[in-house]
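Right, one structure below, let's go through it.
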Amino acid sequence: MHSTAAPVLQPSDEVAAALADGTPIVALESTIISHGLPQPRNLEVAKELEEVVRTAGAVPATIAVLDGVARIGLNEAELVRIATEPGLRKLGQRDLPMASALKASGATTVSATSFLAARAGIRVFATGGLGGVHRGWTVEQDESADLDTLARTRITIVCAGVKSILDVPATLQRLETRGVSIAGYRTDTFPGFYLNTSGESIDWRIETPEDAAAIMRGQDAFGGPETALIVANPVPVDRQLDPGLHDRVLGEALAAADREGVTGQAITPFLLDYLVRGTDGASLEANLAAVRGNVALAAEIALAWAG
Ligand code: PSU
Ligand code: MN
């Protein structure tokens, strides 16, 4: 017999209390803090996003793995670890059993965070932009595990589309094939992460957080495969990155990644960082505007969902 060791998944006291009494909760990922944003801004942002959730009347649950335990809700010292610990791992869903067994620590991506949030009983999650199908996928077969997890996880994820460093039309095709529901929030086109729009059209548009909650109830009423709902929420036009600057620097970033042979888990952080430097920080401001808007909307949806 195996001993019944400590649980692999551990909600904070605050999150456990919110789960018990039905207080709205918003899950937040940690990879954006550890690998997606530069220091020291990343720690400020981590705290600010939690504050946005609280101001709206919900409880934030930033998720990460610390010393082998998947933690649902972090205190301030733990947020500092995520923001500053050198060499912190980037964990997708498949990495969780190894991190647990080997008592490792790491930040969780959309795939790992969605999985853990759903396991903990949290239904609403906010991030910046999803991972997806990378340009060059016909050769490299690099498709983020985010998509596969969303095809079999009952979570509502509020995001500004998928990162514009990706092949957006191919990513939308994959989401269609895998049966992931997408609703545009006050938009008829799929957002472009740093940009208000990717130019790709989407089929469904909603106007209110209550609309999102109604779709979630519909998912549960139909039953069937446990798929996600993507609420695609664009960054406002007046906060977006200049599209010309975006296209030029992204072209340079992709060429640099090619030249330097950057692939796999390293490619997304490499490109995001290149864009921050190549736009003198303008991409960072657009990224943050998108994330803030997504977190605020996620809190409203969590409230509507809690009824
Ligand atoms: N959104 C952001 N910044 C990020 C990410 C998303 O605004 O850094 C992270 C997420 O954690 C996402 C991951 O799951 O990038 C995708 O990485 P990959 O392409 O290796 O699956
Ligand atoms: Mn990948």
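Glycine residues also receive a Cβ, built from the backbone N, Cα and C atoms like all the rest.
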Need one residue: from V65, V69, V110, V168, the one TrEMBL lists with K90, S144, A145, D146 for substrate. V110
Within 10 angstroms of the C-beta of E29 (active site, proton donor), the count of other C-beta atoms across all shown chains comes to 27
Three states by DSSP: which one describes A145 (substrate binding site)? helix
Taking every protein chain in this structure into account, which of the binding-site residues D142, D146 has the most other Cβ atoms within 10 Å of its Cβ? D146
Close in space, distant in sequence - S144 (substrate binding site), Cβ under 8 Å, 6 or more apart: T109, V110, S111, L130, G131, G132, V133, H134, L166, T268
